[in-house]
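A.B. asks: Sharing a structure with you now.
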Amino acid sequence: MTITKQTGQVTAVADGTVVTPEGFQAAGVNAGLRYSKNDLGVILCDVPASAAAVYTQSHFQAAPLKVTQASLAVEQKLQAVIVNRPCANACTGAQGLKDAYEMRELCAKQFGLALHHVAVASTGVIGEYLPMEKIRAGIKQLVPGVTMADAEAFQTAILTTDTVMKRACYQTTIDGKTVTVGGAAKGSGMIHPNMATMLAFITTDANVSSPVLHAALRSITDVSFNQITVDGDTSTNDMVVVMASGLAGNDELTPDHPDWENFYEALRKTCEDLAKQIAKDGEGATKLIEVRVRGAKTDEEAKKIAKQIVGSNLVKTAVYGADANWGRIIGAIGYSDAEVNPDNVDVAIGPMVMLKGSEPQPFSEEEAAAYLQQETVVIEVDLHIGDGVGVAWGCDLTYDYVKINASYRT
C-alpha cells in the first residue's frame, strides 16, 4: 500500500503528550541502571492497539528491535512498550537477546498482558549487557498514569545526551469526533536515520487498522525522521513505534475515508515536530538548520539534496560561525548524485539571495551574519529542472559536539 496524501485540518495541543490520546498511560522510574534520573519507562494502552513500527537499516540491529519485530509478527497489535537507558543492548549476542525477551516477559507479567503485545526498546552505550537484576526490580516499580507528570517521567527515562524532552501532540476531527495523536522521542547524537529514527513513540486514539497504520507511518517517516541529520551516524537501535487504541470511536480509517487526510496530517505533523526537535537538540548544537529544495527532477532527488546540504560539516560549521559562505552549499549540491544543471541554480540564506541562475548576487555580509545568529536558519535552493520538492533538518556543528562525544562513556 502506498500513501501520499498530506493535507488536512489539524490543531497543535501545546500541553499534549503521549497520554493525551484516549486509552494511554505512562510511567518512568529510576531503576539505578546508571544515572540518578529516570532510566526505565513504559507506555501502556488500556486495550490491544493496532500497531506498526519502522526500524534502523543498520546491519547491527539491536536485540530489542528483534523482540519488537517478533511481537508485531503475531497479530500486529501492541499494548505496551518498555524502554530503558543508558544501555543499548546492541552487539550483545545470545545473552542480549535473552535479556530483551526477559524484559518483554517481565513487562507482560507486571501488567497482565500477552507476551506478543509488548514492544521493547533500549538506548545508550553499545556492547554492554543489561543489568537485569535492576531491571527486574525497576519494572515492578512502574505505576502508569495519565497526568503530565506521568508522561514527563516516561520522557525523562528515554533520554541520553538529550538536553530537552521531545514531545508533540495534534488533534483533528474525524466523523465529527476529536482524534488525538501524541508523541515522545529521544535523540541528540548518532542521528542520520534511514528508516525510522532514534527512538520515537507515537500514540493515537484513532480507529485504524495495523496495515493502514504501517503504510502511513512508512510514508510519513520518509518526509520527517528520515530527513534529519546531526552527525551522519546511524544508530543500531533506531525505531519508531505507533499504537492506535481506536477509542476515539470514529469509523475505521482507510485512505478512502472522507476524513483520511485529517488523520494523515495529524500523524505527519506529530512526526515532523518531533524530528525537528531532535535536529535542534543535536549534541552541542546552538541552531536548527532547515534546507528547502525545489525544482528538482523528483521529490526523492529534492529530499536527497536537502539532506546532503544539511549534513555537510562545512555548511554546519559555517552556520555555527555565522559565515554566509554559500560556496559550501554549492559544494554539497555538487557531489550529490541527483540531477543538477550547474548553469541554473538559485541559493538563498534566509531572505538574502546569494546565487541566481548560478550567478553570484550582491548581499550585505553584516545582514547575513545577523541572520545566521538566529536560532533557526533557513537555506533555500531552486534547481530549475522539475517539480520535485524536499525539506531536511539538521543543526550547526560546534566545539561542544566533540567534547560530548570524546567523553561519552566517561
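Backbone N, Cα and C define each Cβ position, glycine as well.
Dumping what Swiss-Prot says about this protein:
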ACT_SITE  THR197  active site, nucleophile
BINDING   THR160, LYS186, THR197, GLU283, ASN405, THR410  substrate binding site
A.B. asks: When you measure from the Cβ of GLU283 (substrate binding site), how many other Cβ atoms are you left with inside 10 Å?
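C.D. replies: Neighbour count, Cβ to Cβ under the 10 Å cut-off: 25.
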A.B. asks: Could you check the binding-site residues THR160, ASN405 and say which one's CB has the fewest neighbouring CB atoms inside 10 Å?
C.D. replies: ASN405
A.B. asks: For ASN405 (substrate binding site), which of the three DSSP-derived states applies: helix, strand, or coil?
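C.D. replies: Going by the DSSP assignment, ASN405 (substrate binding site) falls within a helical segment, counted as helix.
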